[in-house]
Amino acid sequence: MTNQTDDITSTQTASHRVCSEESSATGEYSLATITFWLAFGTFVIGCSEFAAMGLLPYFAEDFGITENVAGHAISAYAIGVVVGAPLITIFFSRLARRTMLISMMIFYAGGNLLTALAWSEWTMNIARFIAGLPHGAYFGIAMLFAADIAGKNKRAQAVSNVIMGLAIANIIGVPSISGIGQMFGWRTGFFMISAFALATALMVWKTAPYRGPNPDAKPLTELKALKNKDVLLVLLMGAIGFGGMFSVYSYFSASYLNTTSAPEWGISATLLIYGIGVTLGNIIAGRYSEGRLLTSAIVFQVLLGLSAAAYAASMGQPYLMAASLFFIGIGGGMVVPLQTRLMDVAGEAQTLAGAMNHAAFNTANALGPWLAGMTLSAGYGYASTGWVGLALAGGGVLVWLAIVMTARNTQVQTVTVSG
């Protein structure tokens, strides 16, 4: 009881100290306000990442290429995330987090502006690669900052709050950008995203506290995360298991247009339903994952796989496809327990581990569409995108088993040493 009281007192003291620092640095901006703008940054990133998938048929037509080839732009973005997350985090680890967040949003605005100005397949791919570079670093730093403020017992909720911007992007941002792209051209959507990114940079500069660079931050310390077996297994689960979501989502618009006779506005409506699922999954994960991270992760993973199979089976039936996408969206709640698990096992390499988690998810973003594109090119039809999703989710389950076994072995070794 005394230990619990001490922990609570320590947490309250730390929170009070953070609040005091923030108030003096930001002009009495509340933690809720700061968190809102951090989440708005993830909203902007979500709009760009997922709207590109919804707009894929339109820029494919504009460039005179097939949808399978246009899918390379999605993979290029994901590769940018995978490359940028570790490099930016390692080489700029000593910069103040506020400076990093602002810089990443300005960089992101530039990448999306280049996307809007692309005139060919290759310039589009290069622009999407550039836009992806700051993605992982922004996510990792924003969530760590929020989790530090919230305290140990509310980390999952803090992570959920920041990721909520991504969920809301799927409800409001992506359908809106897709609809605007259909009406005024796909380039308009990316011009808007670029403007939103600049607005985020401005508001983070205005509201987030400047607490100075971390003098103890060292690139070599961050690199230790890449030698940690527990960290690598969590990243691997995200890279494989989450691919099932992207194999379906990336080709949804094309699947809808080519297998149903439903009106075109149904794409935006279905993306809205999917976004509601993502938000619900995020809320559930934030509320119930703390203290049961591995259990939560496998529940979301299994749900994602089964929903992908249901999507494949319902191909050509718009209402059932929408219902399947709703549950696939809920399965996306897996990101919360995996991100929080990394905080437990990353040790002193928190920043790189957090950034690499989103690099892992964007490895999934590259892997899922690539495998789904291969099945489409082989002539297996749009239903194959769902079966690819089921297979990748199955791979995630296998990695989860390895995580559980490793965790149990670690516990046994700890008990043995203690005894």
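Cβ from N, Cα, C; glycine included.
All TrEMBL annotations are machine predictions without curation.
As written in TrEMBL, here are the features:
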type	residues	note
DOMAIN	34-411	domain 'Major facilitator superfamily (MFS) profile'
TRANSMEM	36-60	transmembrane segment
TRANSMEM	72-92	transmembrane segment
TRANSMEM	99-120	transmembrane segment
TRANSMEM	126-146	transmembrane segment
TRANSMEM	158-178	transmembrane segment
TRANSMEM	184-205	transmembrane segment
TRANSMEM	231-253	transmembrane segment
TRANSMEM	265-286	transmembrane segment
TRANSMEM	293-313	transmembrane segment
TRANSMEM	319-338	transmembrane segment
TRANSMEM	359-380	transmembrane segment
TRANSMEM	386-404	transmembrane segment
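The transmembrane segment (36-60) and the transmembrane segment (158-178) are in contact, since at least 3 Cβ pairs between them lie under 8 Å (pairs 6 or more apart in sequence).
When Cβ-Cβ distances below 8 Å are used as the criterion, the transmembrane segment (126-146) is approached by residues 35, 38, 41-42, 45, 48-49, 52, 73-74, 76-86, 88-89, 92, 97, 100-101, 103-105, 107-108, 110-112, 114-115, 117-118, 158-159, 161-163, 208, 339, 343, 350-359, 362 of the same chain, each at least six residues removed from its ends. Here the transmembrane segment (99-120) has long-range neighbours at 38, 41, 44-45, 48, 52, 59, 63, 80, 88, 92, 126-128, 130-135, 137-138, 141-142, 145, 187-191, 193-195, 197-198, 200-201, 204-205, 208, 210, 213, meaning same-chain residues at least 6 beyond its ends whose C-beta is under 8 angstroms from one of its own.
Mean pLDDT across the domain 'Major facilitator superfamily (MFS) profile' (34-411) comes to 87 in this model.
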